[in-house]
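Heads up, the thing below is written out as structure tokens.
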Amino acid sequence: MSQNVYIVSTARTPIGSFQGSLSSKTAVELGAVALKGALAKVPELDASKDFDEIIFGNVLSANLGQAPARQVALAAGLSNHIVASTVNKVCASAMKAIILGAQSIKCGNADVVVAGGCESMTNAPYYMPAARAGAKFGQTVLVDGVERDGLNDAYDGLAMGVHAEKCARDWDITREQQDNFAIESYQKSQKSQKEGKFDNEIVPVTIKGFRGKPDTQVTKDEEPARLHVEKLRSARTVFQKENGTVTAANASPINDGAAAVILVSEKVLKEKNLKPLAIIKGWGEAAHQPADFTWAPSLAVPKALKHAGIEDINSVDYFEFNEAFSVVGLVNTKILKLDPSKVNVYGGAVALGHPLGCSGARVVVTLLSILQQEGGKIGVAAICNGGGGASSIVIEKI
């Protein structure tokens with residue numbers, strides 16, 4: 001019951017911009033690409049019989065068909081006997097999937113679990129609520145599925161960015177600080193791309209050629225190249241016109257992508273002679289008032305550290321926070337009194353992108369890359385989610 005949980009493989013797709021390079025792919029198709037990439041790294045595991053369960057995050061599930069996680073599993077070649085569950089914890093969905101997978105192994109219910117998440121925000125549909133009963137008279141409206149189910153608070157109806165503005169006011173974080181943070185995120189991501197830091201984690205996505213044109217491959221994240229410093233600093237505020245601080249440029253963009261992590265028990269690790277990449281040391285989750293979701297990671301991280309048996313936060317080598325907004329990275333670093341040089345060292349979601357159901361796994365995948373390439377041992381990933389919550393995971397590189 002207390003057996004260790006190991007990460008033996010990770011993979012992710014490049015992250016595509018909204019209506020960009022990955023727009024022809026559904027969330028399920030992206031998820032299958034990521035999972036196939038992860039499977040290819042562990043040929044010792046037999047896809048036809050060794051996998052017990054898949055737990056995959058997905059937020060904008062409308063029009064994807066039943067059970068997206070199940071679709072991903074079968075599209076990637078896993079057995080019909082695999083148990084599949086789709087998780088919606090908004091932005092934290094894929095991290096929750098990893099936590100649930102680890103718990104399943106810890107409890108002895110499974111030995112090999114696929115966890116991760118997928119999202120195509122580009123392909124999320126518009127809804128027509130009046131169509132079911134029939135609009136009787138006058139104009140009707142289309143409801144944007146991305147906005148309704150992904151980007152607006154369910155309790156007050158306000159955009160997540162309005163709450164990001166509240167965070168900036170409450171914690172005295174300026175527009176200049178947010179712009180500087182965003183620019184640094186882009187610059188770190190660009191540098192990491194140039195140096196090949198993401199190469200081992202990214203699986204290329206093949207895009208079918210149109211009208212006889214050859215197929216093409218998307219091999220790198222699309223957003224980092226879009227940095228224009230002057231435009232970023234002069235961008236208008238979106239959510240608060242007077243004295244606002246949050247802009248589209250210092251917030252994460254709308255994106256498409258998928259990530260997968262393969263977890264195994266110690267029993268299977270030894271039986272299959274697998275090489276472990278990391279051990280999951282612990283996890284923690286927290287929640288408070290929905291309007292303050294931005295700094296919920298600062299509540300989840302201490303819980304994760306306690307669960308992992310780590311008493312001193314300064315003993316953590318690297319942190320990976322999902323940058324839903326620049327203010328999220330800033331406020332959690334501030335509250336936890338972290339050294340900024342240890343946070344998001346390859347850049348974050350402001351520059352890389354934030355495909356909702358994928359991001360919780362993406363930050364874990366990138367955190368492991370950082371530990372492997374920058375000489376770290378202990379890493380902490382954390383992500384906030386709409387509704388006031390957050391999830392966090394502690395991993396130790398092996």
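Just so it is clear, glycine is given a Cβ too, placed from its N, Cα and C backbone atoms.
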ALA248, ALA249, ALA251, VAL350 show up in Swiss-Prot as binding K(+); which entry in TYR155, TYR186 does that record put in the same site?
TYR186
Between CYS91 (active site, acyl-thioester intermediate) and VAL350 (K(+) binding site): CA-CA distance (Å):
14
If H, G and I count as helix, E and B as strand, and all else as coil, what does DSSP give for LYS231 (CoA binding site)?
helix
TYR186 (K(+) binding site) versus recorded positions LYS231, SER252, HIS354, CYS384 - nearest by Cα:
SER252
Quick one: of LYS231, HIS354, which of the recorded positions has the smallest count of other CB atoms within 10 A?
LYS231
Spatially, and counting Cα to Cα, which of the binding-site residues is closest to CYS91 (active site, acyl-thioester intermediate)? Options: LYS231, ALA248, ALA249, SER252.
SER252
Using all protein chains in view, find how many other C-beta atoms are within 10 Å of the C-beta of ALA248 (K(+) binding site).
15
Taking residues TYR186, LYS231, SER252, which bind CoA in the record, the widest Cα spacing (Å, whole number):
16
